[in-house]
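Trainee: Below are the structure tokens for one structure; questions will follow.
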Amino acid sequence: MTRDIVMAARPKARIVLIGTGGTIAGHGASSINTSAYDCSVLRIDDILADLPVAASIADIRTEQLFQFGSENFGNAQLLQLGKRISSLLKRDNVDGIVVTHGTDTIDETAYFLHLTLKSTKPVVVVGAMRPPSALSSDGPLNLYHAIVVAASQVAHSKGTLVVANDEIHTARDVVKTNTFKQDAFRSPYGPLGFIVEGKPIFYRLPARRHTTESEWSIDEIDEVPEVGIIYAHGGMNDAMVRAMLDSGVKAVIYAATGNGNVATSIVDSLVDARLRGIHVVRGSRTGGGVVIRNAAQPDDRYDWLVTDDQVPHKARILMMLALTGENCARKLQNAFLNY
Ligand code: GLU
């Protein structure tokens, strides 16, 4: 008696691969240039042509949407990318999406998609820390893994994912934490899973609302308000804080020291900002932990908000989206507690 499970061959998944530039599309003068190279020079078709093994797992169509380093992503580009992916996901002949992206802001873009796409189909954002021209480039394997995940049934309904260094991260948690090492991506509670020998394996699920459970839809958002980040440090300069507050922002994320501490010298400016209609969100520059409401500062009294555990640059993404809805502090605070 045999215990082998005989499975019917499944047709190959149909994946759209969207190129936007980054190191994964970079090229260096020599193979030892792992960190200094021209970014965003290879077209997505050329990147895919160098990965013939990908054709064995998916039927892949390519689109070159942008060609720049991800530090150049503005709100308009986030909206354009999101709307393009949304329209592709509505097609019956598209089973999943892979976006190649610079790693610098990959966590911001992925989080934006995670909160605004209305689909259970897999969307995977992938980059590389070394260009394909470098020794031991992580680009080809990261891209192969991203296609594997996007083509997989088990990746459905998990929101937008970031794949790097054999790991599958939820866009909600992942942060770039290193300037040059391949092991640059961390989620504070660990990745959702791994890709082992070409197979995605999940060990846990995102607990917070996303995609189909999110209150925001990319199809209904045509612009997002400006939200700034103030990075706290010793010797805070009130004039600089005021310059930010006078710049037209609708909210500021205050990347505070420690557990959301605000220097006495700038409290008045931030209280005044709220009176002028600008929301103040206390976060932390530490990169980990929860900022506790009404602990270091009286948030109820000042009508300020806290980021919960979200890092400042991703709190900015969430706040921009939250501000497209009802401009009420309780609702905005709930966004940080629910997403
Ligand atoms: N300028 C690059 C970017 O697009 C560098 C980082 C990378 O892609 O790894 O973010």
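FYI, residue positions are counted from 1 along the chain as it appears here.
Glycine residues also receive a Cβ, built from the backbone N, Cα and C atoms like all the rest.
So TrEMBL has the following annotated:
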{"type": "DOMAIN", "residues": "14-203", "note": "domain 'L-asparaginase N-terminal'"}
{"type": "ACT_SITE", "residues": "Thr23", "note": "active site, O-isoaspartyl threonine intermediate"}
{"type": "ACT_SITE", "residues": "Thr23", "note": "active site"}
{"type": "BINDING", "residues": "Ser70, Thr103, Asp104", "note": "substrate binding site"}
{"type": "ACT_SITE", "residues": "Thr103", "note": "active site"}
{"type": "DOMAIN", "residues": "227-336", "note": "domain 'Asparaginase/glutaminase C-terminal'"}
Trainee: Rounded to whole angstrom, what's the largest C-alpha distance between any two of Ser70, Thr103, Asp104, listed as binding substrate?
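Mentor: Value for the max Cα separation, rounded to a whole number: 7 Å.
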Trainee: Whole-number answer please: how many Å between the C-alpha atoms of Thr23 (active site, O-isoaspartyl threonine intermediate) and Ser70 (substrate binding site)?
Mentor: 9
Trainee: Specify all same-chain residues, apart from the site residues Ser70, Thr103, Asp104, whose Cβ lies within 8 angstroms of the center of the Cβ atoms of the substrate site, ordered by sequence.
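Mentor: Apart from Ser70, Thr103, Asp104, the close residues are Gly22, Thr23, Gly69, Glu71, His101, Gly102, Thr105, Ile106, Gly127, Lys176.
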Trainee: Specify the count of other C-beta atoms within 10 Å of the C-beta of Thr103 (substrate binding site).
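Mentor: Counting Cβ neighbours of Thr103 (substrate binding site) within 10 Å gives 25.
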Trainee: Do you know the DSSP helix, strand and coil residue counts for the domain 'Asparaginase/glutaminase C-terminal' (227-336)?
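Mentor: Each residue of the domain 'Asparaginase/glutaminase C-terminal' (227-336) counted once, the result is 43 helix, 21 strand, 46 coil.
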